[in-house]
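One structure is given here, and the rest of the page talks about it.
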Amino acid sequence: MAAPLVLVILVAVTVRAVLYRSSLAAFISERVEVASPLNAWKRVVEGLALLDLGVSPYSGAIFHETPLIIYLFHFLIEYAELVFMITDVLTAIALYLAIQDFNKVVFKKQKLLIELDKYAPDVAELIRTPMEMHYIPLKVALFYLLNPYTVMSCVAKSTCTINNTVIAFFILATIKGSAFLSAVFLALATYQSLYPLTLFAPALLYLLQRQFIPVKLKSKSFWLYTMQYAALYLCSLVVIICLSFFLLNSWDFIPSVYGFILSVPDLTPNIGLFWYFFAEMFEHFSLFFVCVFQINVFFYTIPLAVKLKEHPVFFMFVQIAIISIFKSYPTVGDIALYMAFLPVWSHLYRFLRNIFILSCVLIVCSLLFPVLWHLWIYAGSANSNFYYAITLTFNIGQILLISDYFYAFLRREYYLTHGLYLTRQDGTEAMLVLK
């Protein structure tokens, strides 16, 4: 499997290197779908210029990245293109290794449940085989490295690619069962963009499974392990934040980074849900609705944790998708990360109801983004309503896609235990309805 992975990496690096040297690089880096006020490369460059002049990069309203990012590129600015290509490759390798280990765990669990007669007798066609699962890690790496969204983020030098790398290593550490590294990378991901805080729950559930600790509120071992993992996470986060303070000798980065993410003061158009809504809103209502919009990312964590406590990796996938849809400044790079996981759930395709229509919606919207932007900004024959309409359609398509996968996952799990061919008491065929 190493040879195909190396081939995929070589193709991906070649594509990026060619695009870096083409006239498309400047065009892509200016696209609002690819770069946001939070992670645009030109803002990093301006922050570096201020730092070189001895001025705090957070003294104005331009730079909103973390201190570790600006100091990373302070030393590696000449090799920025190489840094972004390496981060993409590292993300793909981390995902490849993580899914490879996850597939082994899934197969062992499936084998144990078959031996214990936990599955219905007529579900043989739903049982996953080693041959079927063999190429999934490679497909995940392929889906990430050659996804146009990932390629564009890398070419635009959006720091979203670095966030994806940190999250990928967090996933790898979690699936490997390393609580310490999982907590460290989760703290680093939270430090970078705040929203990965919601990944604490699926990581904890997976690590509890690895330790064979039951998820019971009355269990002492459950609370002890939870406190240990929470302490590791919080200590790592405090250390990273203190390191940032020592680098800058100032706390200015906290309101400039986290205050900016939460309060959404920059209403530059993007593929998110915030900008148009708050541009049209009266100022005295904005605080309430900012809170309502921000709660969306965190609101679903607890009900998903209850429903998917036995399936923390699928929970993690859904939560990453929720973050990429409902965060304040999303880009296509965020979407690329959860889309890389779609091959992992290839066994759900038979239960998906609208996959073709939703795929078409996402592709068409992706193509219409630059068209409607041109009509609005340059031609003047459209307005912001047109662009927000396609943004709204794109996000609804994502929500329906994740809902479809969620439905398919629950449906398959039900069939595994109750049988594939359900019948009523009178012997007629029954229809499964999930409420």
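If you go along the chain as it appears here, the first residue is 1 and each next one adds 1.
In case you wondered, yes, glycine gets a Cβ from its N, Cα and C as well.
In TrEMBL, annotation is done automatically, which means it is predicted and not curated.
As written in TrEMBL, here are the features:
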type     : residues : note
SIGNAL   : 1-17     : signal peptide
TRANSMEM : 68-99    : transmembrane segment
TRANSMEM : 166-187  : transmembrane segment
TRANSMEM : 193-209  : transmembrane segment
TRANSMEM : 230-251  : transmembrane segment
TRANSMEM : 257-278  : transmembrane segment
TRANSMEM : 285-306  : transmembrane segment
TRANSMEM : 351-373  : transmembrane segment
TRANSMEM : 385-407  : transmembrane segment
The transmembrane segment (385-407) touching the transmembrane segment (285-306) per 3+ Cβ pairs under 8 Å rule: no
Contact ranking winner - 68-99, 230-251, 257-278, 351-373 against the transmembrane segment (193-209), Cβ under 8 Å: 257-278
Beyond the flanks of the transmembrane segment (351-373) by 6 or more, those residues with Cβ under 8 Å of it: 31-33, 148, 269, 271, 332, 382, 386-387, 390-391, 393-394, 397-398, 400-401, 404-405, 407-408, 411-412
